[in-house]
Amino acid sequence: MTDKDGNKQQKGGILALLRRPSTRYSLGGILIVGIVAGIVFWGGFNTALEATNTETFCISCHEMGDNVYPEYKETIHYANRTGVRATCPDCHVPRDWTHKMVRKVEASKELWGKIVGTIDTAEKFEAKRLTLARREWARMRASDSRECRNCHSLESMSSDMQKQRARKQHEMAREDNLTCIACHKGIAHHLPEGMTEEDED
C-alpha cells in the first residue's frame, strides 16, 4: 500500500521494523553500533556501581553520616595500629560480582526508606536500629561472615599471638563452626537497645 506521494506505508510500526532485515544498514554496521552501545552501557553501569560502593557515597545521606558514621569512627576498624581501615562497603557489600548485585538490589529497599523518611531523624533511626541490626546480622550469618573473611581468617590466625581469652573463643568457634558475627556484634556500631538472648547468639 502506498500513500499519495508514492511512499510505502509501514505496517505494524516499530515492531515490524525490528522483525524485518534492514535494507539501509549492513549487518556489520548494526553489529558495530550494538557493540559500541554495549561498551558504553557497561562502562556507565560499572562506573555508577563503583561510585555507589564508596564510604563517601554511604555517608552522603545524613541518616548514615549523623548516626552510624560517628560511632564507627571510634572503632578499631576506623583507626588502628596497622593503618588498615575497613570502610562501609568492605563490611556491607560483597566483593564478588554476583553477590554484589544481589546486595545492590537489596539496597534499593534502603533507598526507598531514604525517600519516604523511614529513619530521617535520630529518634526514628534509634527506633529502627534493632530491626536494621538484626537484618544485617542475618545477612552476615547466611554468608558465613563473608565480608569479615575478606580480611580475617581463622585459618590464618596465629593463636599463640592472641590473648588467652581470644585464643579460647576462636578455638570454640572452630569447634562449633561459628561465624564471626556470632561473637563480634557491635564491633563497628553501637549495639541496639532491646536485644534478646537470641540476638546474643
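For all residues, glycine too, the Cβ spot is worked out from N, Cα and C.
Not measured: the values here are computed from a predicted model.
For the topological domain 'Cytoplasmic' (1-24), the model's pLDDT averages out at 58. Taken from Swiss-Prot, the feature topological domain 'Cytoplasmic' covers 1-24, and the record attributes it to sequence analysis.
Here Swiss-Prot flags 25-45 as transmembrane segment, drawing on sequence analysis.
According to Swiss-Prot, the topological domain 'Periplasmic' annotation covers 46-201, on the basis of sequence analysis.
All chains included, 19 other C-beta atoms sit within 10 angstroms of the C-beta of M64 (heme 1 binding site). The heme 1 binding site annotation in Swiss-Prot covers C58, C61, M64, E110.
Look at Swiss-Prot and you will find C88, C91, H92, H189 tagged as heme 2 binding site, backed by similarity to another entry. Secondary structure from DSSP puts C88 (heme 2 binding site) in a helix. A C-beta separation below 8 Å, combined with a sequence spacing of at least six in one chain, links C88 (heme 2 binding site) to T54, E55, C58, I59, M64, Y72.
Here Swiss-Prot flags K104 as substrate binding site, drawing on similarity to another entry. Neighbour list (K104 (substrate binding site), Cβ cut-off 8 Å, at least 6 residues apart, same chain): L49, T52, V93.
In the three-state DSSP reading, C148 (heme 3 binding site) counts as helix. In sequence order, C91, M140, C180, I181, H184 constitute the residues six or more apart from C148 (heme 3 binding site) in its chain with CB-CB distances below 8 Å. Sequence annotations record features per position, and here Swiss-Prot assigns heme 3 binding site to C148, C151, H152 based on similarity to another entry.
Swiss-Prot lists E175 with the feature site 'Interaction with NrfA', giving similarity to another entry as the kind of evidence. All chains included, 8 other C-beta atoms sit within 10 angstroms of the C-beta of E175 (site 'Interaction with NrfA').
Annotation comment: Swiss-Prot describes C180, C183, H184 as heme 4 binding site. Under the three-state DSSP scheme, C183 (heme 4 binding site) falls in the coil class. Same-chain residues at least 6 positions away in sequence with a Cβ under 8 Å from that of C183 (heme 4 binding site) are, in sequence order, Q169, A173.
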- Cα-Cα, H152 (heme 3 binding site) versus E175 (site 'Interaction with NrfA'), nearest Å, comes out at 18
- Excluding C148, C151, H152 themselves, which residues in that chain have a Cβ inside 8 Å of the centre of the Cβ atoms defining the heme 3 site? A86, S145, E147, R149, N150, S153, C180
- Note on the structure: Around the Cβ of C180 (heme 4 binding site), other Cβ atoms within 10 Å, all chains included, total 19
- Query: So around the heme 4 site, C180, C183, H184 aside, which residues have their CB within 8 A of the centroid of those CB atoms?
  - Reply: S145, C148, A173, L178, T179, I181, A182, K185, I187
